[in-house]
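The structure appears right after this line, and notes come after that.
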Ligand code: ATP
Ligand code: MG
Ligand code: FE
């Protein structure tokens, strides 16, 4: 089954063609980073407008890159939420019209479920079950995944997401938006043991997170070292990243141990982090657990992951209705869903 995926929940307009939820025929991502960079964050109204301009060309490009005509597409999968409503509406309405005009089945997909499927696009896609850490710009949680459409949320952040903490620390250091890749790069050149930040483990036996205290600790450090923080940027970044990575890796491997699960998965924009990828690979190997990490291109927002997740819903017979609407917040935590439970 060949699925056209469409994603527009935040500041990337994306379209992709994926066969059988695994084989990427094309994946186009138009990033709006340059639009939002001067503002230090995503400006919703500017984002919606940029999506409107990009959506048509991006879908056409994805079709052209796949070398397919619309007749070859069996179904459409589109992000329904969570995200910015104005942004979601652009992709959602476009997908509805694209499918409806061609008499094709289509289905709305949860953005987080999409992130959790990115690893299925890797050459060494893991078998089920696995424990997955989803760390992105707006969410951080640990999931137990027993199969496509069968997820259990084990724990999540009580305040900021991991990616959000990266973005805020980058902003404090005057490094612009988005901050993840910049901090990651700086951290690689710094000394992680010179400026040590406390690890927000909370209860070590639970799977919840907290990153706002860590963010505040970095802020306080900057305030109390006004003369040196600029020259110490790399060490601050390294200290911050070490604290984040420690917590993420600890919680993920602990969840795998508690669930007696031999494999773990990374998902979300923060899965692109070099320090996190290296530490998880090393610590999982030492613990005899297989670590599966998505290719870099599918960590951040993209439409191939949406097509991969949507494929399973379409296969199960789930169909979107023209009256369906988008949703902004994660008010529909990914449930354990049976084959007849279409959301
Ligand atoms: P969500 O998926 O929760 O709705 P989002 O779609 O905005 O939010 P993603 O696109 O998945 O989030 O990820 C973007 C986030 O990932 C940003 O916060 C960004 O700073 C972070 N990020 C990207 N690359 C890296 C990196 N190398 N290290 C750490 N964080 C990174
Ligand atoms: Mg983005
Ligand atoms: Fe995302």
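Cβ atoms are placed via backbone N, Cα and C, with glycine included.
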### Query
Hey, TrEMBL has substrate bound by 134, 135, 136, 137, 138, 180, 184, 273. Any idea which of 124, 167, 203 it lists too?
167
### Message
Of the candidates 246, 301, 324, which one does TrEMBL list alongside 111, 115 as binding Fe cation?
### Response
301
### Task
Can you tell me which of 134, 136, 180, 301, our binding-site residues, come within under 6 Å of ligand 1 at the Cβ?
136, 180, 301
## Note on the structure
Within 8 Å of the Cβ centroid of 111, 115, 301, the other same-chain residues by Cβ around the recorded Fe cation site are 7, 9, 10, 79, 112, 114, 136, 268, 302, 305, 306
### Message
Suppose we screen the binding-site residues 111, 115, 136, 273, 301 by Cβ distance to ligand 2 with a cut-off under 6 Å; which survive, in sequence order?
### Response
301
### Message
Please check the binding-site residues 136, 180, 301 against ligand 3 and give me the ones with CB under 6 A, sequence order.
### Response
136, 301
### Task
Calculate the distance in Å between the alpha carbons (Cα) of residue 134 (substrate binding site) and residue 111 (Fe cation binding site), and round it to a whole number.
11
### Query
What is the Cβ neighbour count of residue 180 (substrate binding site) at a 10 Å cut-off, with all protein chains included?
26
